[in-house]
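> For B:20-42, the entry in TrEMBL reads transmembrane segment. Sequence annotations record features per position, and here TrEMBL assigns UDP-N-acetyl-alpha-D-galactosamine binding site to B:Tyr129, B:Asp214, B:Val215, B:Asp216. Annotation source TrEMBL lists Mn(2+) binding site at B:Asp214, B:Asp216. Summarising the annotation, TrEMBL assigns active site, nucleophile to B:Glu306.
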Amino acid sequence: MFFSVLKTQWQNAKENAKKAFCLFGTKDGFTIVVQVVGLLNCRFGTENKSWLIFNPTILNVASVTPWSAPIIWEGTFDPILIDSIYKQQNLTIATTVFALGKYTRFVKDFLESAEQHYFVGFRVHYYLFTDQPESVPEVKMGENRSLTVRKVQSFKRWQDISMSRMEQLEKLIENELASEADYIFCLDIDTKFYGRWGVESLGRLVGVIHPWLFDAPRNRFTYERRPESQAYIPAGEGDYYYAGAAFGGSLEDVHHLTKTCREKLHIDAANSIEAVWQEESHLNKYFLLNKPSKLLSPEYMWRDINESAAQIKVIRFSNVAKNYAEVRPNP
Amino acid sequence: MASDLSVCHLGLLHILMKVNFYLFFLALTGFSLTGLIFLGYSSTSLRYKEKRFCLNLTKEHQENSNLQSPQGLSYKQPSVVGPDGKVVPVTPWLSPIVWEGTFDPLLIDSIYRQQNITIATTVFALGKYTQFLKDFLESAEQNYFVGFRVHYYLFTDQPEQVPEVKLGEERQLTVLKVPSSNRWQEITLRRMEKLEKLIESRLVNEADYVFSLDVDTKFYGRWGAESLGRLIGVIHPGYYQTAREQFPYERRPESQAFIPYAEGDYYYGGAVIGGLVKDVYEAAKTCREQLDIDAAKSIEAAWQEESHLNKYFLYNKPSKVLSPEYLWQDFKPHTNEVKIIRFSQVIKNYAAVRPNP
């Protein structure tokens, strides 16, 4: 019975892997699954010597894209080693969040949890864009951590608030960050950290796989499908569906990303078209044409702390439950 | 009448001249305008290649710096093949390990083709090693960066022994004469210095990437743009399932190449070093300096410059690691995990080819 259970599990695993790899199926039938299965402590005895082997402990997930960018899951990296490498580089990580209207209520949890989990031990500079600077709570920051509050205008529609972020980011990088930061991450505010988010996430251009679409085939991705939009991606194309809630990278690369998205959003607006998922649609188009150098698994942008999935061993950063009708200025 | 005519003629001539004059100026303006418009378009298209806004990056930016790791750090040895036989596609510091099946060749080629790169490739063929050149070059033309611009730099003490090999379009070969030696260990050690000098004098201006490869080898399968990165090492085919205490690192603390038993990620093959020109330069220069320090103390590392390279890669992690598919040995039987042999050392009679035992 045990073996039949194993067998069914194996069949399921193969099915899931096949589905995952439809994501980058090519015409020449590239569907080889790279499965990384291992034990954390693996002892082998040879000539009275044994050694402890670091094996990624993921099951049924890909840890590298077809263009050789790593996909970060728990078990693919050694945190001690990677911290020690990046500690030598004297880095500053800029981190932007937007809290307008009722979204200011999320700031306290975001910042407090970030102080516990986000790039702990590294220099982080938060940039908080808000229309109500007076509502920003006092949050105790660790050493080498700072917060700058920027007042911005609000919009009547949440979609406009979301889309305006691209332009704000573009300007921030141009005007300020060039002289002080090495990397930048742009995160949604209605979220909270629950686990380590560290230097394993650093790279030139970093995208996060969307938590609702990581095991879906590309024809189910919610790309913009109208050719009139600048964000259009035809059926049959697409690597992953990336979340608009988190992206980052080097200043130069994120600047190019935000600038391009801002331009495309303007063109669409001039044509009276709004992409199906606003700037997330444009972000996906950008990442299709400009492949990220590193992908973060949905551990880095999860649905809800109370939801689980077999592949998600650690929830590091997640949306918090909210009543959309209550917090958004419009439906 | 005649004078009238001639006056007319003169008048006509005058008008014609004036018209010609105006026509001339019109044409001149026309051409100038066309020229200016053309220049306008062409400079825009030139600018299109550099679409990026020039950020005034004043902070010394780190994202392109080395993956330096401190000595004495204790962490588990990374595995190359899991206990279930599945290959590991990424190192614990998140550099990809390149295996068949971990990359899409069409996609990767299309990404790099847009970058108009030149790949310099150095080989050393001294003494009897010139006999390997023909197979090396011919098989490279079939398999190595096909479709990309490749410039081979061939170091030899016998330029007349270099065979005629037909090279593809955008491929060229430069022969560089170097002095002979009667010790094979000397020949292999001096490669670092030659590589360092070549980069300084030529490659900084001529190439984007450089690979330094052993010549007693042959290509059997694709070696392409998937192997490109900032700093590339290859996992030695003989030690990818060995405990780190048993890696043939240099173990004498007196040598600059010394690595203690408790440390080590992989055993890298000295037959392949690659990466961006400036990163390979740093590696070659450091290794050469360490080799010189050892030589001054009359110590020669266990596996010559391969020992020094392993020391370098331990504390300056490669940004990409090539699996043993990229460095095999013809005499080794095939294994399950190495599904394709791309580059392999040919079987040779050491006594026959080396100048000394």
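Cβ from N, Cα, C; glycine included.
Note: TrEMBL annotation is automatic and uncurated.
Small disclaimer: the values here were computed from a predicted structure and weren't measured.
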> Cβ within 8 angstroms of the Cβ centroid of B:Tyr129, B:Asp214, B:Val215, B:Asp216: which residues besides those meet this for the UDP-N-acetyl-alpha-D-galactosamine site?
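Residues close to the UDP-N-acetyl-alpha-D-galactosamine site, other than B:Tyr129, B:Asp214, B:Val215, B:Asp216: B:Val123, B:Phe124, B:Ala125, B:Phe132, B:Phe136, B:Thr217.
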> Where B:Tyr129 (UDP-N-acetyl-alpha-D-galactosamine binding site) and the residue listed as 'active site, nucleophile' are concerned, what is their Cα separation in Å, rounded?
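Given the Cα positions, B:Tyr129 (UDP-N-acetyl-alpha-D-galactosamine binding site) is 19 Å from the residue listed as 'active site, nucleophile'.
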> I need the CA-to-CA distance for B:Asp214 (UDP-N-acetyl-alpha-D-galactosamine binding site) versus B:Glu306 (active site, nucleophile), whole Å please.
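B:Glu306 (active site, nucleophile) has its Cα 12 Å from the Cα of B:Asp214 (UDP-N-acetyl-alpha-D-galactosamine binding site).
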> Express the distance between the Cα positions of B:Val215 (UDP-N-acetyl-alpha-D-galactosamine binding site) and B:Glu306 (active site, nucleophile) as a whole number of Å.
15
> Does DSSP give B:Val215 (UDP-N-acetyl-alpha-D-galactosamine binding site) helix, strand or coil?
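In the DSSP reduction, B:Val215 (UDP-N-acetyl-alpha-D-galactosamine binding site) maps to coil.
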> Including all protein chains shown, what's the count of other C-beta atoms within 10 A of the C-beta of B:Asp216 (UDP-N-acetyl-alpha-D-galactosamine binding site)?
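Result for B:Asp216 (UDP-N-acetyl-alpha-D-galactosamine binding site): 21 other Cβ atoms within 10 Å.
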> Suppose we draw a 10 Å sphere around the Cβ of B:Tyr129 (UDP-N-acetyl-alpha-D-galactosamine binding site). How many other Cβ atoms does it contain, all chains included?
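Around B:Tyr129 (UDP-N-acetyl-alpha-D-galactosamine binding site), other Cβ atoms within 10 Å: 24.
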> For B:Asp214, B:Glu306, listed as recorded positions, tell me which one has the smallest number of other Cβ atoms within 10 Å.
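Counting other Cβ atoms within 10 Å of each of the recorded positions B:Asp214, B:Glu306, the minimum falls on B:Asp214.
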> How many whole Å apart are the CA atoms of B:Asp216 (UDP-N-acetyl-alpha-D-galactosamine binding site) and B:Glu306 (active site, nucleophile)?
16
> If you measure every Cα to Cα pair among B:Tyr129, B:Asp214, B:Val215, B:Asp216, the residues listed for UDP-N-acetyl-alpha-D-galactosamine, what is the largest value in Å?
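Farthest-apart Cα atoms in B:Tyr129, B:Asp214, B:Val215, B:Asp216 are separated by 10 Å.
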> Specify the secondary structure state of B:Tyr129 (UDP-N-acetyl-alpha-D-galactosamine binding site) as given by DSSP, simplified to three classes.
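In three-state terms, B:Tyr129 (UDP-N-acetyl-alpha-D-galactosamine binding site) counts as helix.
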